[in-house]
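Engineer: As listed in Swiss-Prot for this protein:
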- 23-43: transmembrane segment (TRANSMEM)
- 68-88: transmembrane segment (TRANSMEM)
- 92-112: transmembrane segment (TRANSMEM)
- 126-146: transmembrane segment (TRANSMEM)
- 165-185: transmembrane segment (TRANSMEM)
- 198-218: transmembrane segment (TRANSMEM)
- 235-255: transmembrane segment (TRANSMEM)
- 262-282: transmembrane segment (TRANSMEM)
- 287-307: transmembrane segment (TRANSMEM)
- 336-356: transmembrane segment (TRANSMEM)
Amino acid sequence: MLYWLYQYYGVNIFSYITFRAGVAFFVAFGLSVFFMPYFIKWAKAKKANQPISTYVAAHEGKKNTPTMGGIVFIISMICASLLCGNLFNPYVLLGLFCISCFALIGARDDYMKISAKNNAGMSAKMKFFLLFIVSLIITSILLYIGHNTNFYIPFMKYPLFDMGAFKIMDISVLALGFWVLVFLATSNAVNITDGLDGLATMPSICALFSLSAFVYVAGHAGFSSYLLYPKVVDSGELVILSVALIGALFGFLWYNCHPAQVFMGDSGSLALGAFIAFMAIVSNNEILLLLIGIIFVIEALSVILQVGSYKYRKKRIFAMAPIHHHFEVQGWAENKIIVRFWIIAILANIIALLSLKIR
């Protein structure tokens, strides 16, 4: 809406993405901080508590903590984006569609867990099906609007090959399949990581900050040309959505830091992972995402290795998976695990940002 003040009334300051992103940050932060206590109070009254695993004794004290806090920061982000974003931009509309759909799937899963008072939730097949369908819709729209299908290796100037060249019945199946995989992997990896107070929140903020920088450069003719970065027309507006989400996450972290007063639930973690994947795809950073989201990669790999090892060797690699539970079983304090993982995420994203210049 603020963009319309520039478009129709010539208020030039609202033409700047950076200014509107700053406004979006504080609006989303304010909404998240203000409404979260009301949500916590309502959730406690409704007994919308996170079912706690009986396998981790240290989590016994978390049993009455409400979940689904992701709904608040997602709505805060959407409101700020609607206020500050250019609603005629296809990437903005697709980004809002992406985060909304994944949040709804996560909310349904949370509701089923709360109703059943266990961690089962939606069946794995149904959850995968819904995530797959939404991912397929989003990636199909990206192809329809002509998004760049080049495959880039981090720190390299030129693409390795064009995924769009591999077609079946005039459909770029390689690009489509690869992007769907990125969506599914990232959304589930963030979901797995969300097991300690604030553990998924700060790495998500770091990832969104880095991806905001990449998307801004991609959408800026001057910067993309100077840095030899692949230009993506109109993508710069996504910075407003990303920065709004960062602001909303800081507001959530105010209540989610140890000891947490609220958990984000699947409604938050699935939506977060999906939006991070979306930003990575738009900025052509699907491979660099392995570094940008290194904590999510480590957490997901620990589960894959644990399950695979037990299935084929009948032996466990870790005391418990995901790996943050392994460290808990080893006697690490929760705060120590969280802060050390945050440090790893910050350092990894600093290295990732170097790829803007080192190409």
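Cβ coordinates come from backbone N, Cα and C, glycine included.
Since this is a predicted model, take the numbers as computed values, not measurements.
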Engineer: Between the transmembrane segment (198-218) and the transmembrane segment (336-356), do 3 or more CB pairs sit under 8 angstroms, pairs being 6 or more residues apart?
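Structural biologist: Output yes: the transmembrane segment (336-356) sits against the transmembrane segment (198-218).
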Engineer: Against the transmembrane segment (68-88), which of these stretches has the most C-beta pairs under 8 Å: 198-218, 235-255, 262-282, 287-307?
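Structural biologist: Ranked by Cβ pairs under 8 Å, first place goes to 235-255.
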Engineer: Top stretch among 23-43, 92-112, 126-146, 198-218, 235-255 for CB pairs under 8 A with the transmembrane segment (287-307)?
Structural biologist: 198-218
Engineer: Determine which residues of the chain contact the transmembrane segment (198-218) at the Cβ level, with the cut-off under 8 Å and only residues 6 or more beyond its ends counted.
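Structural biologist: Sequence-distant neighbours of the transmembrane segment (198-218): 17, 21, 190, 224, 227, 229-232, 235-236, 238-239, 242-243, 245-246, 249-250, 252-253, 256-258, 260, 264, 269, 272, 275-276, 279-280, 282-285, 289, 292-296, 324, 337-338, 341-342, 345-346, 348-349, 352-353, 356.
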Engineer: With pairs fewer than 6 apart in sequence excluded, do the transmembrane segment (23-43) and the transmembrane segment (126-146) have three or more C-beta pairs that lie under 8 Å?
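Structural biologist: No, the stretches stay apart by this measure.
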Engineer: With Cβ distances under 8 Å as the criterion, find the stretch in 23-43, 92-112, 235-255 that has the most pairs with the transmembrane segment (262-282).
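Structural biologist: Going through each listed stretch, the top one turns out to be 92-112.
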